[in-house]
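Data first, discussion second: the structure below is written as structure tokens.
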Amino acid sequence: MTQDQGEKSKVVISEDTYKEIITNELERIGTGGIFVWSLFFLCVLPNILNGFHVNSYTMLGYLPEDQWCEVDDLQSANWTEEQKRSIVHRDLDSKGCTIWDWDYRELSKMSYDEAYNYTAAMSEISLPTEIPCKAKGSYAYSSPDGTFVADWDLVCEKAIQRTSAQVFVSLGKFFGSFSFGMISDRFGRKTAFTLGAVFFMLSSIFCTFSPWYSLFLVGRFGLGSASSGLFYAAYAMLIENICLKHRSWMSLAFSGSYPIGMMLMALASYLIEEHWRYLQLSLTVPAMLLILNCYLMKESPRWLLTQKRYDRAYKIVFKQPSHYEIKKPAIDSTILSDKKIEEPTISKWQQLREGPLKHIIELFATSKVRKLIFTSYFMFCVTSLSYYVTALNAANMDVSRHLYVAITGLVDLPSLLLPVIMLRYSGRRITTMSLFFLTGIALIMVMVVPQESTVWIVAFAMLGRFGISATYSVVTLYTAELYPTEIRGSALGTCSTWAHVGSISAPYAVDLLGPLGWYIPTTICGCCVLVAGLLTLTLPETGTGKLVDRVEEVPSESNTDAECDEVNKTKN
């Protein structure tokens, strides 16, 4: 059969019929089989990698356990390290940042006993000036290879730069969630995923082999940005193409892959303690698997439908070229006869409205979507703030950093089981509201417990962490279902941006408000979480299994509730 004959044999159907054929088949294959499981595993791997790098700061950038100042003029002295420190740092509690301004060149010519007696006698008369270590020496560490802090001396006056390594990840996630969300809606889920994968691999290499701290920070920023691109593109892909039966537990299992990555990273750090670059390399090598993901992953059929690219969507869903053709609309003869009519001039602002800014503007275009997006922003910000505040407060426990990260992952994992049970027997809205209330009450109870009752304080704080971890997974699922397909990526991306506002604010809440009252950070989080629970009551229920594709199809709260009641009656 020739190509012309093949084209002639195509069945001509309407656009709505074509879309319905693809949608029905997508719903059928989304109930199980190779399509579902291959898509699930392709989407889960990147989130495990996110658990590697986003939390690696605890293992790569910890402060050395012992730090002192190595004075240059004492290098020739035949003294032990402890003897040098007993003179250089005597009675100083600056953790090696400052030293006494002795004439160390003259002291090096004496024996240790003579130098010690001399400095002790002179101290009785008049203490010398306290000067920075860098004025006469350099920093020395007990175990310098295990942390990048020792490589670039990120201590004392440069200690704030150590924190930049984690801040740049948060800033990258802030930027990436916003930009990759728009890319996902404008150019497709796979395009956003592939671009994120390239950024992720390159940034991992920068972090591993960077000779300069500035380039290392660029790599950390890239990791944060790319992790958002991978996460939200993969999550939107999963939500859009899986049926309601699997959507709940697969979305929660998707969230559960993140703490699995944390625990694997903790295990790797325990086994690889020789040098921090070796650990970074062990986290970088698995990122190369993203090349396979990009090759195997197909574009989201549901997104292709919103772009009217029916032939490609048909080929992905049916695994064969389409034999349908859309009926072309009749052309008005009056339009053909009047070819001299000039098209209206489009302003730059109109081009922006219909181009790069289209999906962002549509988030605030109608009152219904506007109410949804502002409530979602608050929910994400409060959830992230509470998650990181509980993590920072618990970090003071006297446990090893390897064990602490592993325990954090273990706490997060069972927190995903509760939403699975709750979502099975109640809707999205009731589940989200209940988990917000559980978290809020637990965090406020920290204030009620006496300060000396450490066990109960930690217990309620961990209960709050358990609740907020469960809430995080449900809020992400709930938000993905609230918005239509054409702006879902932008909605998730901008919501994530507000989540990172919360994560960036968390250290300030702990460090600035904590000294005023040990209960203030968790109390503020508890109150905000309770407000978020009340705001959840204003949102529509989305547990009907039907995802809308366009902004004008977004239902009101009452319509959705009525539809959900009708579905429940049908089930009964």
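Start at 1 and count along the chain as shown; that gives each residue its number.
Positions of Cβ are set from backbone N, Cα and C atoms, glycine also.
Computed from a predicted structure; not experimentally measured.
Some features that TrEMBL has for this protein:
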TRANSMEM  29-49  transmembrane segment
DOMAIN    39-544  domain 'Major facilitator superfamily (MFS) profile'
TRANSMEM  192-215  transmembrane segment
TRANSMEM  221-239  transmembrane segment
TRANSMEM  251-272  transmembrane segment
TRANSMEM  278-296  transmembrane segment
TRANSMEM  372-390  transmembrane segment
TRANSMEM  402-423  transmembrane segment
TRANSMEM  430-449  transmembrane segment
TRANSMEM  455-478  transmembrane segment
TRANSMEM  516-537  transmembrane segment
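Counting Cβ pairs closer than 8 Å and at least 6 residues apart in sequence, the transmembrane segment (278-296) and the transmembrane segment (192-215) reach three or more and so form a contact. The stretch with the most CB contacts under 8 Å to the transmembrane segment (251-272), chosen from 29-49, 221-239, 430-449, 516-537, is 29-49.
Residues of the same chain lying 6 or more positions beyond the ends of the transmembrane segment (372-390) and with a Cβ under 8 Å from any Cβ of it are 363-364, 432, 439, 443, 461-462, 464-465, 468-469, 471-472, 475, 479, 482-483, 491, 494-496, 498-503, 505-507, 509-510, 521-522, 525-526, 528-529, 531-532, 535-536, 538-539, 554. Against the transmembrane segment (402-423), stretch 430-449 has more CB pairs under 8 A than any other of 29-49, 430-449, 516-537. Packing against the transmembrane segment (516-537) from elsewhere in the chain are residues 375, 378-379, 382-383, 385-386, 389-390, 393, 429, 432-434, 436-437, 439-444, 446-447, 451, 461, 464, 468, 471, 509-510: each is 6 or more residues past its ends and has a CB under 8 Å from a CB in it.
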